[in-house]
Amino acid sequence: SHPTNTSLLELHLTGIPGLQHLHHWISVPFCIMYLVTLAGNSTLLCVIKADPSLHLPMFLFLSMLAVIDLVMSTSITPKMLGIFWFHSTVISLDACLTQMYFVHAFSVMESGVLVAMAFDRYVAICNPLRYLSILTGPIVAAIGLATLLRAVVFMSPLTFQIHRLPLCSPAVVDHSYCEHMAVLKLACRDAAFSNTYSLSISTYVGSFDSLLIALSYALILRAVLSLSSPQARKKAFSTCSSHLCLIALFYIPGLLSMYMERYHQELPPHIQVLLADIYLLIPPAFNPLIYGIRTKQIRDGVCKVISQRPTAGRIGP
């Protein structure tokens, strides 16, 4: 049922439409994924910072990815759990727009960092002798700044357009977070331009970045096939396949949920919402496991940090 006391300065998030009776059960995997995200990405950042041998381009990009995942997950998951556990559906319009900006801007940033990581692996495998001369510190910093600026340039107009649109009551957003197209449905006047802009930017970022990633990994696989050692080929294939599966989990659900909401409105709303949630919750939880824990240098760094814990409190000879 829609609340009747909603002002235009606050909105109500429904959670997962049609599955409100299952919110407590759905909250369990969501909460676990959030805790894994916090633990995994925080551990990665601490290990990379503590171990000077990990201050390489590959791990600097991994640090960027960890920060983005922490911010993106924290911008939506606590509020989602509040809806699931305490029926805390109210969110101010300013908080909603802020959440929307963080979600979409950091999604664009994550896509850019994934491209940078694919390029990093291409240089490391296909041109290893020039790896550090190509990916110097200033170049890595410039790539990180470029991903940030692209996200700001693309997403700022989107939030500004929503801010200028009048919203009609009842201001109920049929979503678990302030997703752009779900909020746009509340507009009292024609929002075709904002809708088209959102679709165009999402399509451009998703298709262009995934094409660059696919090209990088195709070149990597071509180099891998030339290896004489079957074990080396098997290890490289395993690494590439796990990376590509995780990248697919990032791009496919997000684009599917957006296009289904735009063109297939007869589908149950909870499918669209769950796809959008998967797009934002699963990759941040699995990125540290796939990119970090499976990497030998990270495992060695974790062991080194643990072995160097202070032992000042120990008494003995």
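The backbone N, Cα and C atoms fix where each Cβ goes, glycine too.
Annotation source TrEMBL lists domain 'G-protein coupled receptors family 1 profile' at 40-291.
Look at TrEMBL and you will find 25-47 (among others) tagged as transmembrane segment. Note on the transmembrane segment (25-47): residues 16, 19, 54, 62-63, 66-67, 69-70, 73, 77, 80-81, 84-85, 277, 281-282, 284-285, 287-289, 292-293, 298, 301-302, 305 of its chain, located 6 or more positions outside it, place their CB under 8 angstroms from a CB of the stretch.
The feature transmembrane segment is assigned by TrEMBL to 59-81 (among others). Distant neighbours of the transmembrane segment (59-81): 13, 15, 27, 30-31, 34, 37-38, 41-42, 44-45, 48-49, 88, 91, 99, 102-103, 106-107, 109-110, 113-114, 116-117, 120, 140, 143-144, 147, 176-177, 277, 280-281, 283-285, 287-288, 291-292, 297-298; these residues of the same chain sit at least 6 beyond its ends, with a Cβ under 8 Å from one of its Cβ atoms.
If you look up TrEMBL, you'll see 101-119 (among others) marked as transmembrane segment.
The transmembrane segment annotation in TrEMBL covers 131-153 (among others). If one looks beyond the transmembrane segment (131-153) by at least 6 residues along the same chain, the residues whose Cβ comes under 8 Å of a Cβ in the stretch are 56-57, 60-61, 64, 105-106, 108-109, 112-113, 116, 120, 123-124.
The feature transmembrane segment is assigned by TrEMBL to 204-225 (among others). Residues 108, 111-112, 114-115, 118-119, 121-122, 125-126, 154, 232-233, 236-237, 240, 243-244, 247, 251, 254-255 of the same chain, all 6+ positions outside the transmembrane segment (204-225), place their C-beta atoms under 8 angstroms from a C-beta of that stretch.
Nonlocal intrachain contacts for the transmembrane segment (237-259), taken as residues 6+ away from its ends with a CB within less than 8 angstroms of a stretch CB, comprise 107, 110-111, 114, 118, 121, 181, 198-199, 202-203, 206, 209-210, 213, 217, 220-221, 224, 272-273, 275-276, 278-280, 282-283, 286-287, 290-291, 294. The feature transmembrane segment is assigned by TrEMBL to 237-259 (among others).
When Cβ-Cβ distances below 8 Å are used as the criterion, the transmembrane segment (271-291) is approached by residues 16-17, 30, 33-34, 36-37, 40-41, 43-44, 62, 65-66, 69-70, 72-73, 76-77, 80, 103, 107, 110, 117, 174-177, 179, 242-243, 246, 249-250, 253-254, 256-257, 260-261 of the same chain, each at least six residues removed from its ends. Taken from TrEMBL, the feature transmembrane segment covers 271-291 (among others).
In this model, the domain 'G-protein coupled receptors family 1 profile' (40-291) carries an average pLDDT of 87.
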